[in-house]
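Trainee: Per TrEMBL, the feature domain 'Plant heme peroxidase family profile' maps to 24-325. Look at TrEMBL and you will find 34-114, 67-72, 120-321, 199-231 tagged as disulfide bond. Taken from TrEMBL, the feature site 'Transition state stabilizer' covers 61. What TrEMBL lists as Ca(2+) 1 binding site is 66, 69, 71, 73, 75, 87. Annotated substrate binding site per TrEMBL: 162, in sequence order. The heme b binding site annotation in TrEMBL covers 192. Per TrEMBL, Ca(2+) 2 binding site is recorded for 193, 244, 247, 252.
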Ligand code: HEM
């Protein structure tokens, strides 16, 4: 950044504070207070990615599940305590959300390097970006300066995070409530190009989609047949399946190609093609042009990361991402 631009930004921040506007996130937030922060996050994400290739997907999802509940404030990381019912118990997270130990490891390294400085919410945002890059996806500059919540909302987690059997209008509404539009929805769901789903999240499609005892006809019949042995009518709830069986560990646009072949694993994936012409057009665009997908994905991740952050004097910098600080 040029000196003139930096001066203009500094002036803007001063004026914003004087006008009572909330402080904005800023990619340079830790430049002085913890210049090594981004390097520390990237090196630990890189190490765990090498040990467990699924972890990139899990970390990317954590940021999403954080931001959709009370904003990007690391509320998802809090364990239950005398005053807190953990979001880890909610339907979308129970037996499903993972990666908490990795965030602990990053936090411990950051506390050692720069005590009480880098928030858990910013760790989630950086780890999501680094996970995308490490699996072959686009990079982006992460605005920083989020602070951590002093509470959690298991109810918000149950209600605000879309479910895999929600209709497309319900999903669109849940995104809209977060300030995200149809383009953000279709681009961000491209995250399902990596990672796993449990049988329980899509079983209904294999046997009884409409309550009539028929499988979901928008799921390719041979793909459904291949899924049934390890996802029977009952039992095997926790069995894992790749969301993108063609390139499961590569962040690419294969997800959209799968949708065009009626091989989207979740109902919430396939409806992007089958339930609205507007979303279907975007699916076709991203299937045809990976560069456009990457550009839109990066932009929408920044937008998602900006959902209602705590800044300035709000919230706190937790010493341990699992607990609020004691005063
Ligand atoms: C309509 C919105 C969405 C729905 C209904 C949805 C639903 C799901 C479900 C059901 C799973 C499998 C969970 C399990 O069975 O344990 C999953 C996995 C995943 N989701 Fe989504 N998701 C949505 C949007 C997103 C977004 C916006 C992102 C990221 C920006 C994301 C990233 C992921 C990733 C990476 C995984 C794999 C996680 C792992 O392997 O640990 N999802 N999602």
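Cβ coordinates come from backbone N, Cα and C, glycine included.
Curation plays no part in TrEMBL annotations; they are all automatic predictions.
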Trainee: Consider the recorded positions 66, 72, 73, 75, 199 and say which one has the Cα lying nearest the Cα of residue 162 (substrate binding site).
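Mentor: With Cα distances computed to residue 162 (substrate binding site), the winner among 66, 72, 73, 75, 199 is 66.
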Trainee: Determine the recorded positions, out of 61, 120, 162, 247, lying near ligand 1 in the sense that the CB is under 6 Å from one of its atoms, and give them in sequence order.
Mentor: 61, 162
Trainee: What's the CA-CA gap between residue 75 (Ca(2+) 1 binding site) and residue 321 (disulfide bond) in angstrom, rounded?
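Mentor: Residue 75 (Ca(2+) 1 binding site) to residue 321 (disulfide bond), Cα-Cα distance: 9 Å.
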Trainee: Sort residue 321 (disulfide bond) into helix, strand or coil using the DSSP assignment.
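Mentor: Going by the DSSP assignment, residue 321 (disulfide bond) belongs to neither helix nor strand, so it counts as coil.
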Trainee: Sequence order is fine: just name those recorded positions in 34, 61, 69, 73, 114 with a Cα within 10 angstroms of residue 252 (Ca(2+) 2 binding site).
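Mentor: Checking Cα-Cα distances against residue 252 (Ca(2+) 2 binding site), none of the recorded positions falls within 10 Å.
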Trainee: Of the recorded positions listed here (66, 114, 321), which is spatially closest to residue 244 (Ca(2+) 2 binding site) when Cα positions are compared?
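Mentor: That would be 66, the closest of 66, 114, 321 to residue 244 (Ca(2+) 2 binding site).
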Trainee: Give the sequence-ordered list of residues that share a chain with residue 69 (Ca(2+) 1 binding site), lie 6 or more positions from it, and have CB atoms under 8 Å from its CB.
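Mentor: The list for residue 69 (Ca(2+) 1 binding site) reads 75, 76, 87, 152, 153, 156, 157, 160, 161, given in order along the sequence.
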Trainee: Can you give me the same-chain residues 6 or more apart in sequence from residue 120 (disulfide bond) with a CB-CB distance under 8 Å?
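Mentor: For residue 120 (disulfide bond), the qualifying residues are 74, 77, 103, 107, 148, 318, 321.
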Trainee: Which three-state DSSP class does residue 199 (disulfide bond) fall into?
Mentor: helix
Trainee: Just to confirm: which same-chain residues, 6+ apart in sequence, have a Cβ under 8 Å from the Cβ of residue 231 (disulfide bond)?
Mentor: 199, 202, 203, 206, 239, 241
Trainee: Under DSSP, is residue 71 (Ca(2+) 1 binding site) helix, strand or coil?
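Mentor: For residue 71 (Ca(2+) 1 binding site) - judged by DSSP and reduced to three states - the answer is coil.
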Trainee: Please list residues from the chain of residue 192 (heme b binding site) whose Cβ is under 8 angstroms from its Cβ, counting only those at least six apart in sequence.
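Mentor: Once residues fewer than 6 apart are set aside, residue 192 (heme b binding site) is near 243, 244, 255, 264, 265, 266, 269.
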Trainee: Looking only at 66, 244, 252, the binding-site residues on record, which one has the least crowded Cβ, with the fewest other Cβ atoms within 10 Å?
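Mentor: Relative to the other binding-site residues in 66, 244, 252, 252 has the fewest Cβ atoms within 10 Å.
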